[in-house]
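As recorded in TrEMBL, the features of this protein are as follows:
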{"type": "BINDING", "residues": "238, 542, 543", "note": "FAD binding site"}
{"type": "DOMAIN", "residues": "93-116", "note": "domain 'Glucose-methanol-choline oxidoreductase N-terminal'"}
{"type": "DOMAIN", "residues": "281-295", "note": "domain 'Glucose-methanol-choline oxidoreductase N-terminal'"}
């Protein structure tokens, strides 16, 4: 394996991956191992990540959210009234390993019915839950409990509870057992078995339980293997796929500011003998296809790209999970990650020393210790309104494995509020909706410039039913926060601006409320303030998907169930952009499985070609 190859242009490979994110690294690593005769190339726009502490120490994940980060890319949403006329930023990984190298390391898997819908509703043979479960298990070693039927025991990626269990998490689950009589609280319960909901439990993390390292793909599928047939070029932006007579023959790329090479305006080509696999994510993959002349005629004409393949589904069906985390002041003696997130020298030094010595401690966690996959009760639904009751009957009532939201606590301050609040200790409670109605699109604004901003619309909060669960979670779990022993107040800037004299008024500074204190009664004016606050604060969970959907072409599909782009030979897409519907969890687990499935599909096709060739030779 070679990274950042100086003598690369005009060369030829069997398989080229246009993008080096999660799915690409999994698929390329598996292919390189199983078929050493193949010559494989990965072109990744972002930097290398090998042994970089920002990528292997889990608690450093917030460092990638800095404004000058070169490891993530921020795409700006169109300003809409639904988000208070602001331009929200949507983040995706831009480094080798993609999101796996920079994400929050949250181990939240989807629901069984999600994948069965891929098979049944979208006609994707081989993509149902029973088909994919062996691949989910293949990726992981699940440390919390061995031998569980839906978890793996000897995969490359370690899953654990992390290197410490903060008091904030312990207080949250203890209060859950006292306050929420409609749900269970069990620290050792497994809510990630693809079917369970409504149990507060400790939340696993993509962190190796022995080493305390982030379980990313590039360190565990590629860097730790000897693959002389796999080459990787970082700092290489793919402009387009080369097409000749309906056949993908290679890609065109240029070096960017993550590359050591200075000829960044010059375009280079590399040829692919067998296939090109586009794997640049929900934002990057449709952009590459459109610059290649694959997409909607209207979109392509607007940016001066000649249409080669008419495929209206490219770039549409964007989906994500909208998240709101509400901050609270914590006691000065509370155990939090704030010191690490704020890059305090003494905190960083002590935590790094413990991590280096034992693989444990604060550097080996993400600060999210307890959570729940939340489904509302019948009584709660009555308060959510008629529209939500209709959504419930249509999407959730007969699918008991589908939660409406992920809700949990964070033992630190996260999000944009960090630049607006004083340096001290915090905790947050909140969550993200798992199946929002919102649909958006991602299209190119330039046919030539790979760095040009994308024409992007998220669709967040354009439907009121996407806001209702967030409003409920704010009110319901605010009562939890106020009763936690660590509670010391509510930062006004992180809460709704309630009307003067409201019973719901923010308690800027204070002591924990008694367990039997009366709950807040919210007026219609209070609800309007909460809605306005949600519109101003909602953000992305980094879970973009769906923009090259795997479904029939006449339903807006871009790829078939073998990941082939409609109308083109030797061209596949393999990343979260292929998801035809949303996933009830964080996207990492699914991205891994897409990579594993892509490797299986490609290997099977290669075996078929070899057998066919051998048969032809014999007959001759």
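Each Cβ is built from the backbone N, Cα and C atoms, and glycine gets one as well.
Per-residue pLDDT, averaged over the domain 'Glucose-methanol-choline oxidoreductase N-terminal' (93-116), rounds to 98. Put simply, the two farthest-apart Cα atoms among 238, 542, 543, the recorded binders of FAD, are 22 Å from each other. The sparsest Cβ neighbourhood within 10 Å, among the listed binding-site residues (238, 542, 543), is found at 542. In the three-state DSSP classification, residue 543 (FAD binding site) falls within coil.
Assigned with DSSP, the residues of the domain 'Glucose-methanol-choline oxidoreductase N-terminal' (281-295) fall into helix, strand and coil as follows: 11 helix, 2 strand, 2 coil.
Each residue of the domain 'Glucose-methanol-choline oxidoreductase N-terminal' (93-116) gets a DSSP state, and the totals for helix, strand and coil are 9 helix, 2 strand, 13 coil.
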